[in-house]
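These notes concern the structure reproduced below.
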Amino acid sequence: MCNKNNTFEKNLDISHKPEPLILFNKDNNIWNSKYFRIPNIQLLNDGTILTFSDIRYNGPDDHAYIDIASARSTDFGKTWSYNIAMKNNRIDSTYSRVMDSTTVITNTGRIILIAGSWNTNGNWAMTTSTRRSDWSVQMIYSDDNGLTWSNKIDLTKDSSKVKNQPSNTIGWLGGVGSGIVMDDGTIVMPAQISLRENNENNYYSLIIYSKDNGETWTMGNKVPNSNTSENMVIELDGALIMSTRYDYSGYRAAYISHDLGTTWEIYEPLNGKILTGKGSGCQGSFIKATTSNGHRIGLISAPKNTKGEYIRDNIAVYMIDFDDLSKGVQEICIPYPEDGNKLGGGYSCLSFKNNHLGIVYEANGNIEYQDLTPYYSLINKQ
């Protein structure tokens with residue numbers, strides 16, 4: 001649904017209104033998991049819908065026993081098959097975890113997934129003053145549209161796997177959501193990093209990129225502002241534009257880089273235009289699509305969080321038209337017009353492929369999917 005005064009809501013044929021589908025159900029699932037978090041979606045060229053979620057076996061806590069599950073549909077969402085895509089390393093039955101997936105589809109069709117891995121209690125960015133000993137970033141890949149997955153590859157044990165990591169790194173992980181392949185074939189994954197600076201830990205948004213189909217990566221530099229973290233990027237005319245969580249600011253920040261993440265500056269058309277309430281910010285999604293008239297648009301999902309703190313209510317989708325910035329940032333719809341669960345909620349992920357638009361989002365311990373293609377059709381009629 002959308003705000004009743006929203007142009008897109010007024011023009012939507014009620015018979016085409018998207019209906020939510022519970023993909024990962026905390027009350028009915030094959031793992032007896034009590035909670036699901038961190039949704040991720042990729043729409044594939046052959047029509048396959050591939051989604052992911054943290055299996056939070058014992059509840060919403062970040063510092064717990066967690067694996068990453070996949071849900072896969074080859075019949076446009078009518079039926080789904082479930083699997084564990086990445087398992088934690090089973091060192092500690094309370095705290096071993098892989099979590100917060102970030103995915104990308106390369107030009108070869110390979111699907112790459114990276115996730116953070118830990119084995120002890122404590123916040124990934126703030127618990128230690130030196131590089132955390134139980135931390136790693138793990139990568140897996142699939143060459144059969146998500147049917148099977150490779151063994152885990154440790155990107156942090158061998159420094160040659162990810163070049164240009166700062167010496168004052170506490171830890172890093174993916175930006176949570178999806179990456180892109182640039183027009184020249186470079187794979188770009190959003191990332192977030194914790195650094196030790198002036199006797200305190202600060203966290204920032206950045207990217208990693210690969211020019212060899214994910215075999216090795218190079219880390220870009222941090223954005224100008226700390227308290228940024230989970231982000232996604234799109235390519236526009238060879239530049240990277242980032243939309244990112246920005247804690248305690250009350251809005252989503254936006255940056256642009258013309259040198260593959262070496263330097264970043266504020267991207268004014270999007271920076272501060274999407275409000276996210278008081279207190280902690282929240283993850284969001286940011287993808288690019290093209291309309292029928294050839295306009296390049298950005299689609300952003302994020303909670304409005306009108307009640308502040310961790311309620312993260314009203315997960316909404318917004319649009320910016322890069323070829324007509326005079327329109328500003330427009331609200332498209334609110335797929336989840338409810339309060340989030342303050343113990344864990346508000347996250348979402350968008351995907352666009354072959355004129356189809358989909359979203360997955362957190363819904364009080366479940367992960368729901370909606371086909372938002374009817375709204376994309378309305379965008380085309382603007």
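Each residue, glycine too, has its Cβ placed from N, Cα and C.
Here's what Swiss-Prot has on this protein:
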- R37, R245: substrate binding site (BINDING)
- D62: active site, proton acceptor (ACT_SITE)
- 71-82: repeat 'BNR 1' (REPEAT)
- 140-151: repeat 'BNR 2' (REPEAT)
- 208-219: repeat 'BNR 3' (REPEAT)
- 255-266: repeat 'BNR 4' (REPEAT)
- Y347: active site, nucleophile (ACT_SITE)
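Counting only same-chain residues at least 6 apart in sequence, those with a Cβ under 8 Å from the Cβ of R37 (substrate binding site) are S53, D54, R56, P60, G344, G345, Y347, E362, I367. Here the repeat 'BNR 2' (140-151) has Cβ contacts under 8 Å with residues 42, 44, 46, 48, 50, 70, 72, 85-86, 108-113, 214 of the same chain, all six or more residues outside its ends. Rounded to a whole number, the C-alpha distance linking the residue listed as 'active site, proton acceptor' with R245 (substrate binding site) is 18 angstrom. Annotation for R245 (substrate binding site): spatial neighbours S205, T228, S229, E230, N231, R252, A253, T276, G281, C282, Q283, G284, criterion Cβ-Cβ under 8 Å with sequence separation of six or more. Ranking the active-site residues D62, Y347 by how many other Cβ atoms lie within 10 angstroms of each Cβ puts D62 at the bottom. In terms of DSSP helix, strand and coil, the repeat 'BNR 3' (208-219) has 0 helix, 6 strand, 6 coil.
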